[in-house]
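A.B. asks: As listed in TrEMBL for this protein:
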{"type": "BINDING", "residues": "Asn59, Lys60, Val61, Asp62, Asn123, Val124, Gly125, Lys126, Ser127, Thr128, Gly167", "note": "GTP binding site"}
{"type": "DOMAIN", "residues": "116-169", "note": "domain 'G'"}
{"type": "REGION", "residues": "286-331", "note": "region 'Disordered'"}
Amino acid sequence: MAAINWFPGHMHKARQEIATQMRRVKLVIEVLDARAPFSSENPLVPQLRGETPSLKVLNKVDLADAEQTARWLERLEQEPGVVAVPARATHPSDAQKVLQRGEELLRTGSNKASLVMILGVPNVGKSTLINAMAGKNVCRTENRPAVTQRQQKITLTPRITLLDTPGFLWPRLAPAECAYRLAISGAIKDGIFDFDEAASFLLHHLVGVYPEVLASAYDFESPAPDETNAAEWTRSALRAIASKRNLMRTGGVPDLERAAEVLVRDYRRGRLGRISLESPESVDSDEYRLGKEDGIRQGAERRSERRDERRRLRKEQRIAAKKEAAGKLRF
(Lines of atoms letter the chains of each structure in order from A and count residues from 1; the text may use other names and numbers.)
(Lines give C-alpha, C1' and ligand atoms only; values in the text may rest on other atoms or scores of the structure.)
Protein backbone atom coordinates (compact mmCIF):
# COMPACT_ATOMS: atom_id res chain seq x y z
CA MET A 1 0.00 0.00 0.00
CA ALA A 2 1.25 3.45 -0.91
CA ALA A 3 1.72 5.92 1.93
CA ILE A 4 -0.97 8.57 2.42
CA ASN A 5 -0.07 11.81 4.18
CA TRP A 6 -1.99 15.08 4.47
CA PHE A 7 -0.86 17.76 6.92
CA PRO A 8 -1.38 21.21 5.33
CA GLY A 9 -0.21 24.39 7.01
CA HIS A 10 -3.50 25.24 8.70
CA MET A 11 -3.39 21.90 10.58
CA HIS A 12 0.09 22.65 11.92
CA LYS A 13 -1.14 26.08 13.01
CA ALA A 14 -4.23 24.51 14.61
CA ARG A 15 -2.08 22.18 16.70
CA GLN A 16 0.01 25.11 17.97
CA GLU A 17 -3.10 27.12 18.87
CA ILE A 18 -4.64 24.14 20.66
CA ALA A 19 -1.50 23.70 22.75
CA THR A 20 -1.63 27.40 23.69
CA GLN A 21 -5.30 27.29 24.74
CA MET A 22 -5.27 23.91 26.50
CA ARG A 23 -4.16 25.22 29.90
CA ARG A 24 -7.48 27.14 30.17
CA VAL A 25 -9.65 24.20 29.09
CA LYS A 26 -11.71 22.26 31.66
CA LEU A 27 -12.98 19.50 29.35
CA VAL A 28 -11.99 18.14 25.94
CA ILE A 29 -14.68 16.74 23.65
CA GLU A 30 -13.03 14.54 21.02
CA VAL A 31 -15.30 13.51 18.16
CA LEU A 32 -14.38 10.13 16.64
CA ASP A 33 -15.78 8.26 13.66
CA ALA A 34 -17.70 5.27 15.06
CA ARG A 35 -16.68 3.24 12.00
CA ALA A 36 -12.98 3.67 12.82
CA PRO A 37 -12.52 4.90 16.41
CA PHE A 38 -8.85 4.02 16.66
CA SER A 39 -7.86 5.39 13.26
CA SER A 40 -9.79 8.64 13.81
CA GLU A 41 -8.33 9.13 17.29
CA ASN A 42 -5.58 11.69 16.83
CA PRO A 43 -2.47 10.46 18.72
CA LEU A 44 -1.46 14.08 19.33
CA VAL A 45 -4.52 14.71 21.52
CA PRO A 46 -3.37 12.80 24.66
CA GLN A 47 -0.13 14.80 24.59
CA LEU A 48 -2.04 18.05 24.18
CA ARG A 49 -4.76 17.47 26.80
CA GLY A 50 -2.58 15.97 29.52
CA GLU A 51 -4.76 15.42 32.62
CA THR A 52 -7.76 17.34 31.26
CA PRO A 53 -10.89 15.12 31.34
CA SER A 54 -12.09 13.85 27.97
CA LEU A 55 -15.55 13.16 26.58
CA LYS A 56 -15.14 10.96 23.50
CA VAL A 57 -18.09 11.05 21.12
CA LEU A 58 -18.47 8.14 18.70
CA ASN A 59 -20.25 9.95 15.88
CA LYS A 60 -22.00 8.39 12.87
CA VAL A 61 -23.09 5.35 14.87
CA ASP A 62 -25.94 4.91 12.38
CA LEU A 63 -23.31 4.03 9.76
CA ALA A 64 -21.29 1.67 11.99
CA ASP A 65 -21.77 -1.93 13.06
CA ALA A 66 -23.80 -1.68 16.30
CA GLU A 67 -22.00 -4.62 17.92
CA GLN A 68 -18.58 -3.15 17.21
CA THR A 69 -19.69 0.27 18.45
CA ALA A 70 -20.75 -1.22 21.79
CA ARG A 71 -17.36 -2.89 22.15
CA TRP A 72 -15.54 0.32 21.29
CA LEU A 73 -17.52 2.29 23.86
CA GLU A 74 -16.58 -0.25 26.50
CA ARG A 75 -12.92 -0.10 25.45
CA LEU A 76 -12.74 3.70 25.47
CA GLU A 77 -14.36 3.89 28.92
CA GLN A 78 -11.38 1.95 30.28
CA GLU A 79 -9.00 4.81 29.43
CA PRO A 80 -8.09 7.07 32.40
CA GLY A 81 -10.12 10.27 32.54
CA VAL A 82 -12.31 9.29 29.58
CA VAL A 83 -16.09 9.05 29.24
CA ALA A 84 -17.42 7.76 25.89
CA VAL A 85 -20.86 8.26 24.34
CA PRO A 86 -22.47 7.29 21.00
CA ALA A 87 -24.06 9.94 18.78
CA ARG A 88 -25.60 10.83 15.46
CA ALA A 89 -24.69 14.47 15.00
CA THR A 90 -27.60 14.95 12.62
CA HIS A 91 -30.05 14.08 15.43
CA PRO A 92 -30.63 17.01 17.84
CA SER A 93 -31.63 14.66 20.66
CA ASP A 94 -28.25 12.91 20.49
CA ALA A 95 -26.43 16.24 20.47
CA GLN A 96 -28.32 17.38 23.55
CA LYS A 97 -27.31 14.17 25.34
CA VAL A 98 -23.68 14.95 24.56
CA LEU A 99 -24.15 18.48 25.91
CA GLN A 100 -25.84 17.15 29.05
CA ARG A 101 -23.02 14.66 29.63
CA GLY A 102 -20.51 17.47 29.25
CA GLU A 103 -22.30 19.57 31.86
CA GLU A 104 -22.33 16.62 34.26
CA LEU A 105 -18.57 16.24 33.90
CA LEU A 106 -18.09 19.95 34.61
CA ARG A 107 -19.85 20.02 37.97
CA THR A 108 -17.38 22.11 39.94
CA GLY A 109 -19.69 24.13 42.19
CA SER A 110 -18.85 27.29 40.25
CA ASN A 111 -21.42 29.32 38.33
CA LYS A 112 -18.79 30.65 35.95
CA ALA A 113 -18.74 29.36 32.38
CA SER A 114 -16.11 26.70 31.73
CA LEU A 115 -14.08 26.58 28.54
CA VAL A 116 -14.65 23.29 26.68
CA MET A 117 -12.55 22.43 23.63
CA ILE A 118 -13.92 20.25 20.84
CA LEU A 119 -11.47 18.34 18.63
CA GLY A 120 -11.63 15.84 15.81
CA VAL A 121 -10.13 14.75 12.52
CA PRO A 122 -11.47 16.49 9.39
CA ASN A 123 -15.02 15.71 8.24
CA VAL A 124 -15.89 13.68 11.35
CA GLY A 125 -19.10 15.67 11.89
CA LYS A 126 -17.78 18.07 14.51
CA SER A 127 -19.42 21.18 13.06
CA THR A 128 -22.75 19.38 12.59
CA LEU A 129 -22.63 18.30 16.24
CA ILE A 130 -21.87 21.85 17.38
CA ASN A 131 -24.82 23.25 15.40
CA ALA A 132 -27.11 20.63 16.93
CA MET A 133 -25.87 21.39 20.46
CA ALA A 134 -26.28 25.13 19.89
CA GLY A 135 -29.73 24.71 18.34
CA LYS A 136 -28.75 26.93 15.41
CA ASN A 137 -26.20 27.15 12.62
CA VAL A 138 -23.08 28.61 14.17
CA CYS A 139 -20.60 26.59 12.07
CA ARG A 140 -20.38 26.14 8.32
CA THR A 141 -20.85 22.50 7.33
CA GLU A 142 -19.97 20.70 4.11
CA ASN A 143 -19.46 17.03 3.28
CA ARG A 144 -15.73 17.45 2.73
CA PRO A 145 -12.70 17.80 4.99
CA ALA A 146 -10.95 21.01 6.09
CA VAL A 147 -13.97 23.33 6.03
CA THR A 148 -13.20 24.76 9.50
CA GLN A 149 -9.77 26.44 9.41
CA ARG A 150 -9.79 28.74 12.45
CA GLN A 151 -10.81 28.63 16.10
CA GLN A 152 -14.02 30.22 17.32
CA LYS A 153 -15.78 30.48 20.69
CA ILE A 154 -19.47 29.59 21.00
CA THR A 155 -21.65 30.02 24.08
CA LEU A 156 -23.70 26.83 24.39
CA THR A 157 -25.11 27.25 27.91
CA PRO A 158 -24.47 29.61 30.83
CA ARG A 159 -21.94 27.03 32.05
CA ILE A 160 -20.25 26.04 28.77
CA THR A 161 -18.26 28.15 26.35
CA LEU A 162 -17.18 25.90 23.50
CA LEU A 163 -13.89 26.44 21.70
CA ASP A 164 -14.25 25.02 18.20
CA THR A 165 -11.01 24.00 16.49
CA PRO A 166 -10.14 23.05 12.90
CA GLY A 167 -10.08 19.35 12.16
CA PHE A 168 -6.47 18.22 12.11
CA LEU A 169 -4.48 15.07 11.42
CA TRP A 170 -0.88 14.27 12.34
CA PRO A 171 2.30 14.64 10.28
CA ARG A 172 2.79 11.00 9.26
CA LEU A 173 -0.26 8.75 8.99
CA ALA A 174 0.87 5.33 10.17
CA PRO A 175 0.29 2.47 10.08
CA ALA A 176 -0.95 2.47 6.48
CA GLU A 177 -4.22 0.79 7.49
CA CYS A 178 -5.14 3.85 9.57
CA ALA A 179 -4.53 6.16 6.64
CA TYR A 180 -6.73 4.10 4.33
CA ARG A 181 -9.55 3.96 6.86
CA LEU A 182 -9.38 7.73 7.20
CA ALA A 183 -9.42 8.12 3.42
CA ILE A 184 -12.34 5.73 2.96
CA SER A 185 -14.38 7.43 5.69
CA GLY A 186 -13.82 10.88 4.16
CA ALA A 187 -11.33 12.43 6.59
CA ILE A 188 -8.67 12.93 3.90
CA LYS A 189 -9.19 15.23 0.95
CA ASP A 190 -10.03 13.44 -2.30
CA GLY A 191 -7.08 13.71 -4.66
CA ILE A 192 -4.54 13.11 -1.89
CA PHE A 193 -5.04 9.35 -2.16
CA ASP A 194 -5.62 6.85 -4.97
CA PHE A 195 -9.26 5.69 -5.14
CA ASP A 196 -8.14 2.40 -6.72
CA GLU A 197 -5.99 1.53 -3.71
CA ALA A 198 -8.62 2.72 -1.24
CA ALA A 199 -11.24 0.59 -3.00
CA SER A 200 -8.93 -2.43 -2.95
CA PHE A 201 -8.45 -2.00 0.81
CA LEU A 202 -12.21 -1.69 1.34
CA LEU A 203 -13.03 -4.69 -0.87
CA HIS A 204 -10.67 -6.96 1.04
CA HIS A 205 -12.11 -5.75 4.34
CA LEU A 206 -15.66 -6.40 3.15
CA VAL A 207 -15.02 -9.90 1.86
CA GLY A 208 -13.20 -10.79 5.08
CA VAL A 209 -15.67 -9.33 7.60
CA TYR A 210 -18.94 -8.62 5.76
CA PRO A 211 -18.89 -11.06 2.81
CA GLU A 212 -22.63 -10.79 2.18
CA VAL A 213 -22.38 -7.08 1.32
CA LEU A 214 -20.68 -7.48 -2.05
CA ALA A 215 -23.27 -10.01 -3.16
CA SER A 216 -26.27 -7.94 -2.07
CA ALA A 217 -24.97 -4.58 -3.32
CA TYR A 218 -23.15 -5.56 -6.52
CA ASP A 219 -24.07 -9.19 -7.31
CA PHE A 220 -20.45 -10.20 -6.71
CA GLU A 221 -19.96 -13.56 -5.03
CA SER A 222 -16.46 -14.92 -4.65
CA PRO A 223 -14.44 -16.44 -1.82
CA ALA A 224 -11.80 -14.28 -0.18
CA PRO A 225 -8.59 -14.18 -2.22
CA ASP A 226 -5.13 -15.20 -1.11
CA GLU A 227 -1.82 -13.51 -1.91
CA THR A 228 -1.54 -15.24 -5.28
CA ASN A 229 -4.78 -13.91 -6.76
CA ALA A 230 -5.52 -10.77 -4.74
CA ALA A 231 -4.96 -8.33 -7.61
CA GLU A 232 -7.10 -10.27 -10.08
CA TRP A 233 -9.81 -10.76 -7.46
CA THR A 234 -9.92 -6.99 -6.91
CA ARG A 235 -10.27 -6.35 -10.65
CA SER A 236 -13.08 -8.91 -10.84
CA ALA A 237 -14.92 -7.19 -7.99
CA LEU A 238 -14.53 -3.78 -9.65
CA ARG A 239 -15.78 -5.21 -12.95
CA ALA A 240 -18.87 -6.46 -11.12
CA ILE A 241 -19.46 -3.00 -9.64
CA ALA A 242 -19.01 -1.38 -13.05
CA SER A 243 -21.49 -3.81 -14.58
CA LYS A 244 -24.04 -3.28 -11.80
CA ARG A 245 -23.84 0.52 -12.11
CA ASN A 246 -23.41 0.56 -15.90
CA LEU A 247 -20.01 2.23 -15.68
CA MET A 248 -18.69 1.49 -19.15
CA ARG A 249 -16.15 3.08 -21.44
CA THR A 250 -16.30 3.15 -25.21
CA GLY A 251 -16.66 -0.35 -26.58
CA GLY A 252 -18.35 -1.70 -23.47
CA VAL A 253 -15.13 -1.86 -21.42
CA PRO A 254 -15.80 -1.66 -17.65
CA ASP A 255 -14.52 1.60 -16.16
CA LEU A 256 -12.67 0.27 -13.12
CA GLU A 257 -11.52 3.70 -11.96
CA ARG A 258 -15.07 5.00 -11.72
CA ALA A 259 -16.14 1.72 -10.10
CA ALA A 260 -13.50 2.21 -7.39
CA GLU A 261 -14.76 5.72 -6.67
CA VAL A 262 -18.39 4.57 -6.63
CA LEU A 263 -17.57 1.85 -4.09
CA VAL A 264 -15.90 4.31 -1.70
CA ARG A 265 -18.70 6.86 -2.05
CA ASP A 266 -21.35 4.17 -1.55
CA TYR A 267 -19.62 3.25 1.69
CA ARG A 268 -19.42 6.85 2.89
CA ARG A 269 -23.14 7.37 2.24
CA GLY A 270 -24.14 4.22 4.10
CA ARG A 271 -25.46 2.49 1.00
CA LEU A 272 -23.64 -0.73 1.91
CA GLY A 273 -25.21 -0.94 5.36
CA ARG A 274 -23.77 -0.46 8.82
CA ILE A 275 -20.12 -1.39 8.42
CA SER A 276 -17.22 -0.74 10.78
CA LEU A 277 -13.69 -0.58 9.43
CA GLU A 278 -11.96 -1.89 12.54
CA SER A 279 -12.59 -3.78 15.76
CA PRO A 280 -10.77 -3.47 19.10
CA GLU A 281 -9.02 -6.77 18.34
CA SER A 282 -7.83 -5.64 14.91
CA VAL A 283 -5.81 -2.81 16.46
CA ASP A 284 -4.79 -4.52 19.70
CA SER A 285 -1.25 -5.56 18.87
CA ASP A 286 1.58 -3.52 20.38
CA GLU A 287 3.20 -3.34 16.94
CA TYR A 288 0.06 -1.80 15.45
CA ARG A 289 -0.37 0.81 18.18
CA LEU A 290 3.34 1.63 18.21
CA GLY A 291 3.11 2.19 14.47
CA LYS A 292 0.76 5.09 15.11
CA GLU A 293 3.07 6.53 17.76
CA ASP A 294 6.07 6.08 15.46
CA GLY A 295 4.23 8.16 12.88
CA ILE A 296 4.28 11.07 15.32
CA ARG A 297 7.94 10.57 16.18
CA GLN A 298 9.09 10.18 12.58
CA GLY A 299 7.03 13.16 11.50
CA ALA A 300 8.70 15.26 14.21
CA GLU A 301 12.13 14.00 13.16
CA ARG A 302 11.48 14.94 9.54
CA ARG A 303 10.33 18.42 10.56
CA SER A 304 13.49 18.81 12.62
CA GLU A 305 15.61 17.68 9.67
CA ARG A 306 13.87 20.19 7.39
CA ARG A 307 14.45 22.99 9.92
CA ASP A 308 18.14 22.05 10.16
CA GLU A 309 18.40 22.03 6.37
CA ARG A 310 16.79 25.48 6.12
CA ARG A 311 19.18 26.83 8.76
CA ARG A 312 22.15 25.34 6.89
CA LEU A 313 21.04 26.92 3.61
CA ARG A 314 20.48 30.32 5.23
CA LYS A 315 23.94 30.14 6.82
CA GLU A 316 25.53 29.28 3.46
CA GLN A 317 23.66 32.16 1.83
CA ARG A 318 24.88 34.61 4.50
CA ILE A 319 28.48 33.43 4.09
CA ALA A 320 28.22 33.71 0.30
CA ALA A 321 26.75 37.22 0.59
CA LYS A 322 29.56 38.33 2.93
CA LYS A 323 32.21 36.96 0.55
CA GLU A 324 30.57 38.73 -2.37
CA ALA A 325 30.43 42.01 -0.43
CA ALA A 326 34.09 41.65 0.62
CA GLY A 327 35.11 41.04 -2.99
CA LYS A 328 33.37 44.22 -4.14
CA LEU A 329 35.15 46.28 -1.46
CA ARG A 330 38.58 45.11 -2.67
CA PHE A 331 37.84 46.52 -6.08
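Glycine is treated like the rest: Cβ placed from N, Cα and C.
Whatever TrEMBL says is automated annotation, not expert-curated.
Model, not experiment: these values are computed from the prediction.
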A.B. asks: Which of the three DSSP states, helix, strand or coil, fits Asn59 (GTP binding site)?
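C.D. replies: Once the DSSP labels are grouped into three classes, Asn59 (GTP binding site) ends up as strand.
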A.B. asks: Check the binding-site residues Asn59, Asn123, Ser127 for other C-beta atoms within 10 angstroms of each C-beta and report the one with the most.
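C.D. replies: Answer returned by the neighbour count: Asn59.
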A.B. asks: So if I draw a 10 Å sphere around the Cβ of Gly125 (GTP binding site), how many other Cβ atoms end up inside it?
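C.D. replies: Result for Gly125 (GTP binding site): 24 neighbouring Cβ atoms inside 10 Å.
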